[in-house]
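Read through the structure below, which is laid out as structure tokens, and then see the notes.
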Amino acid sequence: MTFSRRSFLAGSSALALSSAPIIGRAQGSDKIIFASILDLSGGLDIYGAPMAETTKMAIDDINAAGGLLGREVELKLYDAQSTIQFYTQYATQAAAGDRAHTVHAGITSASREAIRPTLARFKTLYFYNTQYEGGVCDYNCFCTGSTPAQTVAKVVPYAMNKWGKKVYIVAADYNYGQITAQWMQKFVAENGGETLDVEFFPLDVTNFGPTINKIQTAKPDFVISALVGGAHVSFYRQYAAAGMMKEIPIASTTFGVGNEQKLISAEEGDGIIASYSYFEGADNAVNTEFLQRLEARLGADRPVMNELAVRSYEGAMLWAEAVKMAGTPDRDPVIEALRSGLTYNGPSGAVTIDAQTNHCNMNVYISELKDQTWNIVESFTDQPPADTQLVCDLVANPDQSTFLFENGLAAAGIE
Amino acid sequence: MDLVVAVLFQLIYVIANLALISLGLAIIFGMMRVINLAHGEFLMLGGYTVVVATNMGINIWVSMLILAPLVVGIIGVIVERLLIRWLYGRMVDTLLATWGLSLLLVGIVTSIFGASTATTVSPPLGAVRIGAYSASGYELFLILITIALLVAVWLTLRYTKLGLLARGTMQNAEMASSLGVSTSRIYMITFGLGAAVSGLAGGLLAPMTGVLPTIGATYIAKAFITVISGGASILAGTTVGSILLGGINGIFSFIAGSTFGEIALLLAAIILLRLMPRGITGRFFRKSL
């Protein structure tokens, strides 16, 4: 028998056809697949490791309560190793290989923007459970973390009332830091203050000496920081070592979500102010019970809970509620259920999906650091994602998958 | 006036910092011609030694000044015996072997201590006042100890028998060997000393930067650029290279921010090596150590 191209094609397509039912069976298997991609090693693991713990806890809780729709939920956890390239690779693996029903992934905004288009293309429901700079307008993507209008807008006036009106901004040099710094300048100006200078740092900078000199020269009333990652923790150490902590205090939009308060000594950190949608001191029964169960699970040396870790738990639970409501784990009905104004009462309080933006209304807290522990000094309930609402309307136009603040706030039409 | 002093202080610190992270590499790469891509990991191991020792209750000065160089020096000797001694004179092979070693060390440390930032060690000295400005007393200490270290290495190379034998062996191993010098021992000791100096540097920097298994990556490029720009004379080269590149980095960081500081440093190194392919000491201070 001669082996012509035509007979090869005929043979291989027959093979493809006969294997199709096998793929069909795999898809219709009993388990519901929940994929998670986080940085569990490398410089960003200070954020990723606690998020992975709470994600595992959420899936165990769901399965302990009998699973979803009588089916077990299986967690596929990937370590992106603080490398963007692995995010794209694992997102494709999760969507095409595992056929995940939902993917909860990403820590930095750079990683989110690397995988969001991939998951939109594969029509795989995507949750981003990290506080970020706002502006994602994507029908397929739910951003459950806090955004600047929820946190920065609270901490800036609080710090200005407490310390004064002259502000110096230090931030990480990528889209999160750049855009958050613009929000900071906007809120400082709106509250009648003055931004003396803004400085950006690549993620691997460890020597902050020249900047500390510049801060002393500029004499601001306080410094506000959006520094990111393990190397940037050096800023707080060197700032404290130069005796600056007592002279010019610090407020931050990132300090604490990597449990940085545990990486520097008590004296170095005392007095730092931050604002997030969760602190361990959040006063509600769900939180007390959540922390007790976490401690039973991981022992007394469990990681301290922060917004990223708790929102990873709540994000998984929001998705689970939506699956129950929809009666199926398929994407379109689940998205509809989520966008019906779904609420989950989690450790941080009530978290409600806002259909206009696919973001969340949530509680927001301001805390001050004392002896490596956050003490809540002010709380706000049910805060809307007002920044993203300015530019995004998924009710009027659901067919969107864009990041509107990609080129800064001015380009998005925000003054 | 205070500002000038404060900026000058910061500039000297940036220079000292560069010299500190480069000196161990200058010995291993500049002198022994071993392209040590695991240099950053030697610094990292020094840092972890300090963190582990202080957590065990050992005095921080003892951990930094004695334990860190001792532990990393011993590791250096072991590495030399097992890996490097088969590769002398084969520069590209040393590059591959030490790259592998670097990945191995990162892997080992990650599996023992976890991948996260592992330190609560704080700079042990308070702030010093410069008029209206304040600076870290620990930075002042680092500047002084870097100078002391450079002087100590110079004295060792210039005035001790070991220094003489080491210089002779590096210049012409066969001749040294036929004069009755055990070159294999000299190589081992020199490599161990280079590793010990790196360990000391890593230990001293740990309270300022914290330690991560991957922190070596932030040092390695700068160390190589400094040593290569410095040229053949290891001490004069490292010193002059640090002053030039650190000075440029510090000035541009202060004027335009740290991103531009890093760019200026790299640009300066490129221009320098285009004009002086054999480094600064390939043209100036040729007779120096």
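Cβ coordinates are placed from backbone N, Cα and C, and glycine is handled just like the others.
Nobody curates TrEMBL annotations by hand; they come from automatic prediction.
Taken from TrEMBL as is:
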type	residues	note
TRANSMEM	B:6-30	transmembrane segment
TRANSMEM	B:66-84	transmembrane segment
TRANSMEM	B:96-118	transmembrane segment
TRANSMEM	B:138-157	transmembrane segment
TRANSMEM	B:186-207	transmembrane segment
TRANSMEM	B:219-245	transmembrane segment
TRANSMEM	B:252-276	transmembrane segment
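With pairs at least 6 apart in sequence, the transmembrane segment (B:66-84) and the transmembrane segment (B:96-118) have 3 or more Cβ pairs within the 8 Å limit; the two touch. Touching of the transmembrane segment (B:138-157) and the transmembrane segment (B:66-84) is ruled out by the presence of fewer than three CB pairs under 8 A, sequence neighbours closer than 6 excluded. Between the transmembrane segment (B:186-207) and the stretches B:6-30, B:66-84, B:219-245, B:252-276, the greatest number of Cβ pairs separated by less than 8 Å involves B:66-84. If you look at the transmembrane segment (B:219-245) against the transmembrane segment (B:252-276), you find at least three C-beta pairs under 8 angstroms, all six or more positions apart, and that counts as contact. Residues 34, 38, 42, 45-47, 49-50, 53, 58, 94, 97-98, 101, 187-188, 191-200, 202-204 of the same chain lie 6+ residues outside the transmembrane segment (B:66-84) yet bring a C-beta within less than 8 angstroms of a C-beta in it. Sequence-distant contacts of the transmembrane segment (B:6-30) (same chain, six or more residues past either end, CB-CB distance under 8 Å): 36, 39, 42-43, 130-131, 133, 135, 139-140, 142-143, 146-147, 149-150, 153, 190-191, 193-201, 204-205, 219, 222-224, 226-227, 230, 232, 234-235, 237-239, 241-243, 245-247, 249-251, 253-254.
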